[in-house]
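Remarks on the structure that follows.
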């Protein structure tokens, strides 16, 4: 939906990501300009609704993310077809909520898919991700509220001018002073949130248990590679300018450079998306559980019987 598109693109902009939008309420010139900018940009995100994503052809799209699951198989295929064009590598990621599971399984069945690769999520990153996202949401909420208030004022002024009327405020002096103080406090809070987020975004995203000193290559996931290199370069520059802390230099042992898409393919775990197979697995698991319960019950009864026989002999 357009509402979800606007909300998502706003959050991404606050996070400092180069994001472009394309939807039905945009003018044709603005839509074409967004498409041209997306083609020219090396690293950017285009958030589009289904109607205006149809017919677009881009050569170097690496990843397609289904933020909202499509209602039909044709739309899903069309969306996914925006990537991996001309024999190039690509990745299609679907975000599935618990409410979307039934629809997603039905979609997989229509595509004759029994197994899919699950996106690898390292939960050690989540605290750092949530810190950034919480700040971005707060900034977006304040910004949207201010924009809405300014839009309402502009609308009233335009209509009053077109009708030759003067706008009068019924607020008392005390209410105006209070409103000014509130706007000032909101502005100060917004600046603080933006500063805090800017400081976080300047640091590489690190897991909770991340060590800045020595890492063995076997303990480093492929998805960390780029961040490790950036942090290593930053620490090397710091040690070159200040030679006081020789032990702070970042060292990575035995870690080869891995391309991001290849890292995703190697890290993802295959999961079963076939409803029939899942039912069969649940049935087998239930049968195994019942069998174990019967074995335990039989063992207990056997022990009781042996104790009874032993008492009778005594």
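Cβ atoms here come from the backbone N, Cα and C positions, even for glycine.
TrEMBL annotations:
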type	residues	note
DOMAIN	1-127	domain 'Helicase C-terminal'
REGION	282-314	region 'Disordered'
COMPBIAS	296-314	compositional bias 'Basic and acidic residues'
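Taken through DSSP, the compositional bias 'Basic and acidic residues' (296-314) splits into 18 helix, 0 strand, 1 coil.
Residue counts for the domain 'Helicase C-terminal' (1-127) under DSSP, helix first, then strand, then coil, are 56 helix, 20 strand, 51 coil.
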